[in-house]
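Peer 1: According to Swiss-Prot, the feature active site maps to Asp128, an assignment based on sequence analysis. The feature substrate binding site is assigned by Swiss-Prot to Leu75, Cys76, His77, Met113, Glu114, with sequence analysis given as support.
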Amino acid sequence: MSQLTHINAAGEAHMVDVSAKAETVREARAEAFVTMRSETLAMIVDGKHHKGDVFATARIAGIQAAKRTWELIPLCHPLLLSKVEIQLQAEPEYNRVRIESLCRLTGKTGVEMEALTAASVAALTIYDMCKAVQKDMVIGPVRLLAKSGGKSGDFKVDAHD
């Protein structure tokens, strides 16, 4: 098992020094789900929400969240992201919305936390916009789907998970 990089020998949390690392293209994808009643999903898909376009708002929120991850998660580095993409898809057969985020940069540290934050905040935004209609929506699971670049190598979720 790998060592925790954010904990020093004394057991104290610290920000990892990435100054000696090589700049490489880094990419990460994450997903999140929001499960709801079929009527709530239909309202979103049909564009009948009185607050406006739920998907467009969630997309912008996810992009903003990726760019501000370093302000939310204490030991994350501020990153110069070159791409953030948020895809939202209604899955009526499961009464849910699937959110997939993609973050990319050329840099010295990965973008996994940015991708996870983007997907999570997009899901939270859907909940926020629809909570007046349904309070018992469920957010989750949220997970990393894939990452590439960097010293630790590539990762991809098993297709059967």
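Placement of Cβ uses the backbone N, Cα and C atoms for every residue, glycine included.
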Peer 1: Looking at the recorded positions Glu114, Asp128, which sits with the largest number of other Cβ atoms within 10 Å of its Cβ?
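Peer 2: Output for this query is Glu114.
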Peer 1: In three-state terms from DSSP, label His77 (substrate binding site) for me.
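Peer 2: Its secondary structure by DSSP: coil.
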Peer 1: Considering all pairs of residues in Leu75, Cys76, His77, Met113, Glu114, annotated in the record as contacting substrate, what is the maximal C-alpha distance expressed in whole angstrom?
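Peer 2: Across Leu75, Cys76, His77, Met113, Glu114, the widest Cα separation comes out at 12 Å.
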Peer 1: Hey, which of the binding-site residues Leu75, Cys76, Met113 is the loneliest by Cβ count within 10 Å?
Peer 2: Leu75
Peer 1: Specify all same-chain residues, apart from the site residues Leu75, Cys76, His77, Met113, Glu114, whose Cβ lies within 8 angstroms of the center of the Cβ atoms of the substrate site, ordered by sequence.
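Peer 2: Along the chain, the qualifying residues are Thr69, Trp70, Ile73, Leu79, Thr109.
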Peer 1: With Cβ-Cβ distance below 8 Å and at least 6 positions apart along the chain, what are the contacts of His77 (substrate binding site)? List them in sequence order.
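Peer 2: Set apart from His77 (substrate binding site) by at least 6 residues yet with Cβ under 8 Å, we have Met15, Val16, Val18, Trp70, Thr109.
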Peer 1: According to DSSP, which kind of secondary structure is Asp128 (active site) found in, if we only use helix, strand and coil?
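Peer 2: DSSP call for Asp128 (active site): helix.
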Peer 1: Express the distance between the Cα positions of Glu114 (substrate binding site) and Asp128 (active site) as a whole number of Å.
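Peer 2: Computed Cα spacing between Glu114 (substrate binding site) and Asp128 (active site) is 20 Å.
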Peer 1: In whole Å, how far is the residue listed as 'active site' from Cys76 (substrate binding site) when you measure between their Cα atoms?
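Peer 2: Per the Cα atoms, Cys76 (substrate binding site) and the residue listed as 'active site' stand 26 Å apart.
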Peer 1: Measuring Cα to Cα, how many angstrom lie between Met113 (substrate binding site) and the residue listed as 'active site'?
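Peer 2: Per the Cα atoms, Met113 (substrate binding site) and the residue listed as 'active site' stand 22 Å apart.
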Peer 1: Taking just the CA atoms, what is the gap between the residue listed as 'active site' and Leu75 (substrate binding site) in Å?
Peer 2: 27
